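First comes the structure, then the notes that go with it.
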């Protein structure tokens with residue numbers, strides 16, 4: 001059995017679903033940020049696999065995934081800073097404690 | 001490669017970086033009011049520069065970047081919003097505990113992200129512009145250090161915004177897999193029907209729908225609007241939403257074929273209808289003015305997205321025209337909310353009682369802006385709604401106009417409720433509500449523009465028509 005596009009796409013889907021599950025299930029803001037990272041990395045797996053199997057003559061997918069990695073790093077940097085700022089206010093990073101604004 | 005197509009973005013990037021450097025070398029003891037004026041004048045220069053880009057209609061960097069009249073018009077919408085927000089924030093910034101100079105630099109960077117989105121002709125460019133705007137907004141929303149509600153709003157926006165971008169990105173990666181390209185016009189020729197395309201389009205609508213607060217994805221907006229510093233709420237409500245529309249119109253009209261592929265119009269029109277209804281109905285019981293304006297902006301997104309249903313230049317013209325007047329009216333309303341918040345330390349609508357006696361200028365501006373949002377003739381909001389629904393009705397689709405009309409009538413109830421408090425009731429106390437100079441300029445401008453564009457919409461309408469035609 002050779003490893004093909006399908007396998008990579010299944011891996012990407014599983015990673016994405018795990019990330020989404022983490023975002024909804026975890027209560028700690030840090031764990032949620034990790035879930036978001038999983039989702040973004042699932043996209044990277046997709047992009048690289050598509051680049052290799054669908055359009056190998058160009059490198060658009062690889063370039064796209066480099067951009068995704070850079071932006072994800074920036075997002076996490078801001079995210080952790082915000083977690084510190086909320087921790088100073090509430091002495092907690094539990095998202096259940098974020099209930100001052102309610103619709 | 002034609003670098004002159006990037007001129008307005010380069011100017012904006014230079015302005016933002018210059019402000020950062022200026023913030024480092026200016027003495028800490030100095031106040032930062034001057035920064036606001038420098039930013040406003042710099043943005044005015046960028047606005048003037050964009051006028052020279054009309055009629056170029058070229059793309060560069062292998063179709064990554066396009067400057068057409070449509071993108072130029074959208075950039076002007078963002079710049080006008082940024083100038084008004086900066087002016088209304090000049091005095092607000094003095095109340096911030098720290099990092100006052102960087103506030104304006106971040107606004108300029110968020111603006112830069114929106115300008116990139118307006119000119120993006122490629123999924124990668126769209127993504128980078130979108131994230132430049134969104135990540136800057138994460139910081140700006142949480143800018144009021146020490147106020148727990150602001151940092152709570154910031155972290156909520158961060159989590160929800162990042163998840164929505166990840167979903168959008170997954171949709172984009174599927175589009176890339178189906179076509180082997182990320183350029184929007186090329187996608188149009190290569191996409192055919194397949195079940196996975198349905199998934200991709202649903203994910204795209206989810207990601208963009210979050211930015212413009214389309215109904216199932218609107219839950220974040222009241223919380224974040226309430227917690228964020230009020231000038232940032234204004235910027236978030238008007239400019240980031242207009243940027244979402246700018247990208248959405250381009251991707252859907254120019255990138256996703258309807259015939260022989262997936263009928264995304266069905267989903268969009270369904271969501272437009274639901275958005276108009278839910279936004280207006282949920283706005284009725286709100287007691288906080290920022291939450292009320294948040295739901296009203298959800299409803300406005302419903303009116304605007306209805307313009308997409310005509311799929312032709314008049315519909316896009318309606319969207320363009322409406323986003324400009326929506327910017328002016330909303331910034332006016334939020335500026336009044338900022339000033340009242342500063343003077344009375346409250347956002348509750350009941351505390352606006354007697355504002356008509358205390359500060360008639362604020363009360364009349366808020367009334368006019370809200371009536372314009374409700375679409376009462378002869379104010380400009382009516383003209384905008386008229387353009388949108390006329391374009392849709394010309395295509396033989398009647399129901400959005402009916403829903404929009406009925407919902408506008410309902411919206412008059414909660415908009416006039418605020419006016420009732422301001423003009424009928426007596427003030428609870430007689431503390432003055434001061435109106436500082438730059439904020440007064442914003443208020444008078446939004447009042448005048450809202451009225452004048454309602455009576456005399458011709459020139460802006462022609463500009464919008466020209467801009468819309470460049471897409472097709």
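Each residue, glycine too, has its Cβ placed from N, Cα and C.
Pulled from TrEMBL:
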- B:6-25: transmembrane segment (TRANSMEM)
- B:37-56: transmembrane segment (TRANSMEM)
- B:76-96: transmembrane segment (TRANSMEM)
- B:103-120: transmembrane segment (TRANSMEM)
- B:120-411: domain 'NADH:quinone oxidoreductase/Mrp antiporter transmembrane' (DOMAIN)
- B:126-145: transmembrane segment (TRANSMEM)
- B:157-176: transmembrane segment (TRANSMEM)
- B:232-252: transmembrane segment (TRANSMEM)
- B:292-313: transmembrane segment (TRANSMEM)
- B:319-340: transmembrane segment (TRANSMEM)
- B:361-384: transmembrane segment (TRANSMEM)
- B:396-416: transmembrane segment (TRANSMEM)
- B:437-456: transmembrane segment (TRANSMEM)
Inset, instruction - Go through the chain and flag residues at least 6 beyond the ends of the transmembrane segment (B:76-96) whose CB is under 8 A from any CB in it; none is fine as an answer. - result: 31-33, 35-37, 39-40, 43-44, 46-47, 50-51, 103-104, 107-108, 110-111, 114-115, 118, 143-145, 229-232, 234-235, 238-239, 242-243, 320, 323-324, 327-328, 331, 334-335, 338, 342, 436, 438-439, 441-442, 445-446
Inset, instruction - Give residue numbers and ranges for long-range contacts of the transmembrane segment (B:437-456): same chain, 6 or more residues beyond its ends, CB-CB under 8 A. - result: 36-37, 40, 84, 87-88, 90-91, 325, 328-329, 331-332, 335-336, 338-339, 361-362, 364-365, 368-369, 372, 377-383
Legend entry - Contact ranking winner - B:6-25, B:37-56, B:103-120, B:232-252, B:396-416 against the transmembrane segment (B:361-384), Cβ under 8 Å: B:396-416
Legend entry - Distant-in-sequence neighbours of the transmembrane segment (B:103-120), which means Cβ under 8 A and at least six residues beyond its ends: 5, 8-9, 12-13, 15-17, 19-20, 23, 32, 35-36, 38-39, 42-43, 64-67, 70-71, 74-75, 78-79, 82, 85-86, 89, 93, 96, 126, 128-134, 136-137, 139-140, 143, 235, 239-240, 242-243, 246-247, 250
Inset, instruction - Using a Cβ cut-off of under 8 Å, list the residues of the same chain at least 6 residues beyond the transmembrane segment (B:396-416) that approach it. - result: 269, 272-273, 276-277, 280-281, 283-284, 286, 292, 296, 299, 302-303, 306, 309-310, 370-371, 373-376, 385, 388-389
